[in-house]
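To start, the structure itself, in structure tokens.
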Amino acid sequence: ISNVFLLGGIILLPLINMGNFMFSWNVVKLGNSNLDFVFLLDSMSLLFFSTLCIIVSCVLKFSVVYMENELFPNRFHYLVYCFVFSMFCMIFFPHFFFLLIGWDGLGITSFLLVIYYLSSSSWAAGLKTYLLNRIGDGLFLVALAFLLMQGHWDINGLYNEEVFWGFILVLFLGCFTKSAQFPFSSWLPAAMAAPTPVSALVHSSTLVTAGIYLMIRFNYIITSWMFLIIGICGLWTLYSASLAACVEWDGKKIVAFSTLSQLGFMAVAVSLGLSSYAFFHLITHALFKAMMFICVGYLMVNNGHFQDLRSLSGMGVCSPLVSISLGVSSFSLMGLPFFSGFFSKEFIIENDLFLINETFHHLLLFSLPFTSFYICRLLFQLFLGNGFGVLSRNSDNNVFYLSLLPLYMGSICAGSVLEIDFFSMNWLFPCSLMKVFVLLLIFSGICLAWIKVKVSNTTFSWFFSEINYISPFNGSFWIDNLSDLGNDYYNLLDQGSFSNVIEKVDNNILSGGSAFSKSFSYFFQPNIKFYLVSMIFILVLFSSFI
């Protein structure tokens, strides 16, 4: 099956420049609204889906190595197929009804993949992921109601219409939840409880970019105030995730925080009107980040599934091919010449230079040292650390190396090929002091990472080992405090009557004795009120506009 996905992705690539085609036929007529089945083939959808097929093929090959001792490996494969089908609906059907089916399918399959191990921590992470994404699903339902008020469900029909501001707000807030933008960022690090192949496919390169992809698709309806909101939330996500990655010791979470920071980078690019460049970075990022997750996961599976960097320290030199692949993906993430990430990030930063908003430009520039710092900290710890990890008998596996090959080629060649062929950018910005300054920023982060890993017992090392100063800036801090504020508000407003109702519902319905119910009530009883009232607020907002 993995070879079928790889072949399909390769076949779709030459079709990218064939033009745009749309097929539409009426399914049913509901009053003044028509439910049309619309199928869109354009360069953006074909490129995104072909990239998805290539990544799915590599992840399925990697899962053979990672999950060889699993009792039910077919369960994982079926969930991956459901995920691909949901992505197919979201990418190729520009109709809001089918878009909602794909969007909901992504949330459900993501939840099932996160809870794959059925442990208490997996249940907690899965429910947090699911409930936060359900807020976005509710917002999409409100957006669907707004489209019904327009008399159609076709996304392309919004080109020549004046769009209501409420529709824009709820639509893009829904995109924020799926792409883990502030204040919905906390679910992505929690989702690392899933198997590493899931992280490589779902939570690094495809599902988390679905919200950014829809922002790019809907960029023609974004107003100036919405551009500002997207930019501020994107910058907040970028910096908070970068700071968290600088102090994290969990290898998977470092890569997850790097994904979160790059999602913020893409959101800022969209807010600056650089949607095509944001899509360019989305594609290149998907390729090298999937390879990075696979490499880190392979080192973990050969070290007894330990995720702490201190136990993985020094393991990089034991597997040269994995080390080279991890280095290539890291160089692409930093934007070093001339890897694929360099081309996409370079065009965003250089075009940002000619825009009016200098504040966003400077903040984007000064995020570069953070990226190079946390990823080089990971590399130096793996290659130069004095750890005690040893590779197991699985260290030599040809199937695993086959899973790396397409992503390796994409991480090196995709940027230059797409730059000329797909985006028609057969020109380069002239060399200037700005390019030199950008490279200096990147290398400053590399030098700081070297000092952090090789120099110990210093003020520098102590400062970056403390994580408490990060907490006010990440999404979980705000979600948890909103929950506490909500508890006080309920008790003050209705003197505990609403709380008693919720607690009775929790105890009688959700506490059924199963592992699911127990983990739900134990981990989420403080937060269930926040999620429930969020749904009530969405329904009230919806009713006020009908």
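Don't overthink the numbers, they just go from 1 along the chain as shown.
Cβ coordinates come from backbone N, Cα and C, glycine included.
Annotated domain 'NADH-Ubiquinone oxidoreductase (complex I) chain 5 N-terminal' per TrEMBL: 29-76, in sequence order.
What TrEMBL lists as domain 'NADH:quinone oxidoreductase/Mrp antiporter transmembrane' is 97-351.
Among the features that TrEMBL reports, transmembrane segment is placed at 5-25 (among others). Residues 36-43, 46-47, 49-54, 56-58, 60, 84, 94, 156, 406, 421-422 of the same chain lie 6 or more positions beyond the ends of the transmembrane segment (5-25) yet place their CB under 8 Å from a CB of it.
Residues or ranges marked as transmembrane segment in TrEMBL: 45-64 (among others).
Under the heading transmembrane segment, TrEMBL lists 76-94 (among others).
Panel annotation: around the transmembrane segment (100-119), residues 75-76, 79-80, 82-83, 85-91, 93, 125-127, 129-130, 133-134, 136-137, 140-141, 144, 178, 191, 193-195, 198, 202-203, 207, 210, 515 of the same chain, lying at least six beyond its termini, place a Cβ under 8 Å from a Cβ of the stretch. The transmembrane segment annotation in TrEMBL covers 100-119 (among others).
Listed as Cβ neighbours of the transmembrane segment (163-180) (distance under 8 Å, sequence separation of 6 or more from its ends, same chain) are residues 103, 106-107, 132-133, 135-137, 139-140, 142-143, 146-147, 149, 187-188, 207-212, 214-215, 218, 221-223, 226, 229-230, 233, 237, 260, 263, 267, 475, 538, 541, 545. Annotated transmembrane segment per TrEMBL: 163-180 (among others), in sequence order.
Annotation comment: TrEMBL describes 222-247 (among others) as transmembrane segment. Proximity of distant same-chain residues to the transmembrane segment (222-247), defined by a Cβ-Cβ separation under 8 Å and at least 6 residues beyond the stretch ends, is recorded for 165, 168-169, 172, 176, 180-183, 185, 189, 215, 253-254, 257-258, 260-261, 263-268, 270-273, 357, 360, 363-364, 367, 370-371, 373-374, 377, 464-467, 470, 473-475.
Residues annotated as transmembrane segment in TrEMBL: 278-301 (among others). When Cβ-Cβ distances below 8 Å are used as the criterion, the transmembrane segment (278-301) is approached by residues 44, 47-48, 51-52, 54-55, 58-59, 62, 65-66, 196-197, 199-201, 204-206, 209, 212-213, 215-216, 251-252, 255, 258-259, 262, 265-267, 269-270, 307, 312, 315-316, 319, 322, 325-326, 328-330, 332-333, 339-341, 343-345, 347-348, 378, 382, 389, 392, 394, 400, 403-404, 407-408, 410-411, 414-415, 418-419, 423 of the same chain, each at least six residues removed from its ends.
Outside the transmembrane segment (321-343), and at least 6 residues removed from its termini, the chain residues within Cβ reach (under 8 Å) are 258, 262, 280-281, 284-285, 287-289, 291-292, 294-296, 298-299, 368, 371-372, 375-376, 378-379, 382-383, 401, 404, 407-408, 410-416, 418-419, 438, 442, 445-446. According to TrEMBL, the transmembrane segment annotation covers 321-343 (among others).
Annotated transmembrane segment per TrEMBL: 363-387 (among others), in sequence order. Residues of the same chain lying 6 or more positions beyond the ends of the transmembrane segment (363-387) and with a Cβ under 8 Å from any Cβ of it are 235, 238-239, 242-243, 245-246, 248, 251, 254-255, 257-258, 261, 265, 268, 296, 299, 309-317, 323, 326-327, 330, 333-335, 348-349, 352, 437-438, 441-446, 448-450, 452-454.
Per TrEMBL, transmembrane segment is recorded for 399-420 (among others). Cβ atoms under 8 Å from those of the transmembrane segment (399-420) belong to residues 6, 47, 51, 54-55, 57-59, 61-62, 64-65, 280, 283-284, 287-288, 290-291, 294-295, 298, 321-322, 325, 328-329, 332, 338-344, 347, 426 of the same chain, restricted to positions at least 6 beyond its ends.
What TrEMBL records for 432-451 (among others) is transmembrane segment. With a cut-off of 8 Å between Cβ atoms, the residues of this chain six or more beyond the transmembrane segment (432-451) that come close are 334-336, 349-350, 353, 365-366, 368-377, 379-380, 460.
For 528-545 (among others), the entry in TrEMBL reads transmembrane segment.
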*Taking a Cβ cut-off under 8 Å, which residues six or more beyond the ends of the transmembrane segment (76-94) line up next to it in the same chain?*
1, 5, 22, 37-41, 45, 48-49, 52-53, 56, 59-60, 63, 67, 70, 101-106, 109-110, 112-113, 116, 154-156, 195, 197-198, 201-202, 206-207, 210, 213-214, 217
*Mind checking how the domain 'NADH-Ubiquinone oxidoreductase (complex I) chain 5 N-terminal' (29-76) divides into helix, strand and coil residues in DSSP?*
28 helix, 11 strand, 9 coil
*What residues in the same chain, six or more past the boundaries of the transmembrane segment (45-64), come closer than 8 Å to it by Cβ-Cβ distance?*
1-6, 8-10, 12-13, 15-16, 73, 76-77, 80, 84, 87-88, 91-92, 195, 197, 200-201, 205-206, 213, 279, 282-283, 286-287, 290-291, 294, 297-298, 399-400, 402-404, 406-407, 410, 418, 422
